[in-house]
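Q: Per Swiss-Prot, the features are:
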DOMAIN    1-141  domain 'Globin'
MOD_RES   3  phosphoserine
MOD_RES   11  N6-succinyllysine
MOD_RES   16  N6-succinyllysine
MOD_RES   16  N6-acetyllysine
MOD_RES   24  phosphotyrosine
MOD_RES   40  N6-succinyllysine
MOD_RES   49  phosphoserine
BINDING   58  O2 binding site
BINDING   87  heme b binding site
MOD_RES   108  phosphothreonine
MOD_RES   124  phosphoserine
MOD_RES   131  phosphoserine
MOD_RES   134  phosphothreonine
MOD_RES   137  phosphothreonine
């Protein structure tokens, strides 16, 4: 459960991401594909090379979903319901992959926002991404 301080930290950090959200989303995906090659199996139709338009496009989708979640932090299940359905019923993504991407997102944010990425912000973002992952996997059952 996100505390009021966590919500404040997440919103402040995401505000700092600003117009770079899509770029950071794509970078996190690239990190995931390089660090955890088995995740590539969900994207057989993508050009997964560095800077590909498909990775950039999906990175933007990831970032847009996170922006939506930040904006609806008190009602993520409702806000992310369609995305949860998509991943559970159509794409059938193994839930562990959300944890892998979350880790890569944290690394990406730490690299780009070193001054803002305090231990408290790190903990809040980690809890937030875990909450998003829980919502996205809630319809698997």
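Every residue, even glycine, has its Cβ placed from backbone N, Cα and C.
Values in this document were obtained by computation on a predicted structure and should not be read as measured data.
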Q: Give me the count of other Cβ atoms within 10 A of the Cβ belonging to residue 134 (phosphothreonine).
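A: 14, counting other Cβ atoms within 10 Å of residue 134 (phosphothreonine).
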Q: Take the C-alpha atoms of residue 40 (N6-succinyllysine) and residue 49 (phosphoserine) and report the distance between them in angstrom, rounded.
A: 11
Q: Going by C-alpha positions, which of the recorded positions (16, 24, 87, 124) is nearest residue 108 (phosphothreonine)?
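A: Of all the candidates listed, 24 is nearest in space.
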Q: How many Å separate the Cα atoms of residue 87 (heme b binding site) and residue 124 (phosphoserine)?
A: 24
Q: Compute the C-alpha separation of residue 134 (phosphothreonine) from residue 49 (phosphoserine), stating it in Å without decimals.
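A: Approximately 29 Å lies between the Cα of residue 134 (phosphothreonine) and that of residue 49 (phosphoserine).
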Q: What does the structure give for the C-alpha distance between residue 16 (N6-succinyllysine) and residue 137 (phosphothreonine)? Integer Å is fine.
A: 28
